[in-house]
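Scroll down for the structure; my scribbles are underneath it.
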């Protein structure tokens with residue numbers, strides 16, 4: 001992201017408003033610029049929509065956010081002037097501008113899984129390795145750590161860095177909830193560069209009975225994510241983040257994402273984390289593929 005984005009947030013916000021003024025009614029039928037149906041913006045956001053989807057969207061009442069508007073620019077994706085989409089006389093044109101967004105009132109933010117039925121998983125080794133921890137000489141990450149290679153997360157008892165590393169269950173401090181000025185969708189943007197192999201956080205939600213996943217159906221459905229490990233009672237469980245969740249529930253789908261979901265377990269603690277699969281630049285949207293199996 002160019003340095004001008006941070007130096008002139010007001011100018012980027014002005015470009016954001018001009019972009020919204022130029023939105024064609026044909027591209028977002030019956031929906032005011034910057035507003036789209038809540039269920040669509042969060043559960044069915046993708047990189048393209050077919051004609052049937054557009055017809056369905058056009059008949060729905062647009063969602064109006066109750067949160068106060070903000071103009072703090074947190075990210076911008078810029079294309080060069082020689083791009084076929086650039087405007088005449090502009091050396092750089094933002095294709096996507098992100099502004100910070102307040103947490104939606106209809107979603108309860110949680111810092112751990114909500115497990116009212118007290119589902120449990122059979123414990124596995126925590127990987128102490130005779131007191132040597134994971135054995136990493138440099139700071140652990142999910143791409144190199146011995147714990148990560150065995151689908152374990154690091155903590156104080158099994159890590160050379162006492163769990164203060166890139167393979168621990170900590171929400172990355174650079175993640176920001178934002179809204180796109182171009183599409184109006186919520187998403188996650190990073191304020192700082194994130195290296196490949198970093199755990200970005202946990203996918204929190206309601207841990208509940210799901211039943212077996214469809215053999216030929218989608219792996220995940222909306223905010224519902226099927227776990228591959230069964231409970232101690234041999235039950236199929238999953239995570240539902242529709243009404244309760246953490247910041248990772250706002251990650252949008254992409255076919256070429258910068259993060260991937262992994263199911264990890266240390267001892268009896270099982271969870272799902274998102275891990276960066278490539279370097280992510282400051283100001284870039286953090287995306288994930290919801291079609292991949294854990």
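From the backbone N, Cα and C atoms, a Cβ is placed for every residue, glycine too.
Record features (TrEMBL):
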COMPBIAS  1-14  compositional bias 'Polar residues'
DOMAIN    173-291  domain 'SET'
REGION    1-36  region 'Disordered'
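Over the domain 'SET' (173-291) the predicted model carries a mean pLDDT of 92. Secondary structure counts, DSSP: the domain 'SET' (173-291) has 4 helix, 54 strand, 61 coil.
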